[in-house]
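S.K.: This is the structure I have questions about; it appears just below.
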Amino acid sequence: MNAQQLDLTTSALAQVLTFRQPADVVLSSFFRRERKLGVRDRQEIAETVFATIRHLQKIQQMLPKPHNKPRRAALAALVLGRGLSVHAVETLCDTDEKDWLVELKAHKSEFASTLTTAAELPQWMIECLQQQDWDDEQIVAYGRSVMQSAPLDVRVNTLKGKRDKILAALQAEGLRAEATPYSPWGIRFPDKPALNRHPLFLDGVMEVQDEGSQLLALLTGVKRGQIAVDFCAGAGGKTLAMGAMMAGSGRLYALDVAEKRLANLKPRMVRAGLTNIHPQRIDNEHDARIARLKAKADCVLVDAPCSGLGTLRRNPDLKYRQNSDNVAALQQQQQSILQAASALVRLGGRLVYATCSILEAENQQQLNDFLAANNGWHIEPVNTLLKSHTLSSMHSDYLQLSTSEHHTDGFFAAVLTRIK
Ligand SMILES: C[S@@+](CC[C@H](N)C(=O)[O-])C[C@H]1O[C@@H](n2cnc3c(N)ncnc32)[C@H](O)[C@@H]1O
C-alpha cells in the first residue's frame, strides 16, 4: 500500500465504520466518485477496508471509536489482517503511529485469550450463541471460519450443460476450478477469478451461487411440470436453480416485495433460457394477488429475510449492523411469512423454510413455533433427502451448514410435507 492508497482507505473507512450503510454499498459509491483509480488501487483499498472490519474487535480494544481515527484503523488492518510487519508499514507512519502499532502487536496473547477478540465477534452475537449453548471453542471456531473471504462458487445450469464437461473446459483454460463436494451442480474457484464476462456466464451456462444456496434449491425437490413458488425470490438465485430442476416446464412464481430485486431476476432468466418463471411483486405476504395460488403449489420455498449472520465471510459488517432488537423484529416477520406461504402448499406438497442465519431464534425456533400453531405438517429429515449428495453425515432433521465444517455460507433449511 502506498501513501495515496492509505489516504483513500482512510476516507472510505471514515464512512464504512459508522455502519450506517452496508460496506459494499459505501465502497461502490466511493469508487464511483474516485473514477481515476486503477484496478490495483481499488483492490488495495477494498481489501484493507474489509480487513479492518474483520479485525475490528482487536482494533477497538486500542481505539474505542475507530470511525473517529480511521487512519489508525487502516494501519492496524495492514498489520493484523494483511500480513504486513510493522517494519513494512513504517514508511507510511509517523513516530506515534509506529509506536502505537508496536503496542497493538504486543497485545497478541491478550487478544487470543479474550473471547470477543479471539472470535472477532461483538458481544451481542456472543451472547446469542451462548444462549443456544455454544461453548467458547465453538464460538471461536465459527468466528475464525468466517474471517476468510469466501471462494467463488458457480452453479452449472443443467438446461445448458453438464458439470463435468464444463469443469473440464474451465480447467483446460488454465483456471483453478474443482467440483463442489455437496452440490451436484457446483464448481468452486478458490482464486475468485472475474467471470462476469466469461462466455459460459454470458450464455447462461453458469451462474454465481454459493454451494449452500444450491443445496437449498435441491431440497425443494421440485420437478418438471409442477407448480412451485419461491416466496422470497429476491434477485432469483434459488429461483433459477429451481427453474432448471423443472427443466423449464411447469410454473414457477417468483414473489418478492422488492421490485428492484425482482428486476434483477429478469435478465438472469433470459440468460438461463428459462421461460417458466413468473416474477410477481407483492405488497406483503398477505397480498390478495397470491390468493389464487392457495393450496395449489407442489412446492413453496421460503428463503426468509434474516440477519444474514451465516454470510459473514462475504458481509463481515453485518455483525456490526445487526443487533438483538433487529433479530427479534425479523423473527416476527419470518413467522408471518412462513404462515402465509404455507397456505399455498397443496395436500402432499412441500414447504421449505430456509435462512442464511446461524441463530436458532431464526431457524429451529421458527419451525417449532410454526409446528406448534399448525397441525397437518410432517418434517422430512434432511439427511434422507440429501443422502445421495454426500451430506449423509448430517444427523439432524434440519440442514445446518457451517462455514467451518462445510465451507459454505451458514445456511439453515427445514423441509415439511403437508399431510392434512
Ligand atoms: C434472503 S433474501 C432472498 C434471496 C433469494 N432467495 C436468492 O436466492 O437470491 C429475502 C428476500 O425476502 C424479501 N422479502 C421481505 N419481506 C417479504 C415478504 N413479506 N414477502 C415476500 N418477500 C419478502 C426481501 O425483499 C428479500 O429479497
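Residue 1 is the first one shown; counting continues down the chain.
Glycine too: its Cβ is placed from the backbone N, Cα and C atoms.
Bear in mind that TrEMBL entries carry predicted annotations, made automatically and left uncurated.
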S.K.: According to TrEMBL, D256, D283 bind S-adenosyl-L-methionine; which one of D303, D317 is listed for that same site?
M.R.: D303
S.K.: I'd like the Cβ neighbour count for D256 (S-adenosyl-L-methionine binding site), meaning other Cβ atoms within 10 Å of its Cβ, all protein chains included.
M.R.: 23
S.K.: Mind giving me a neighbour count for C356 (active site, nucleophile)? Other Cβ atoms within 10 Å of its Cβ, every protein chain shown.
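M.R.: I get 27 for this one.
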S.K.: Count, for each of the binding-site residues D283, D303, the other C-beta atoms lying within 10 angstroms of its own C-beta, and report the residue with the smallest count.
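M.R.: Result for the binding-site residues D283, D303: minimum number of other Cβ atoms within 10 Å at D283.
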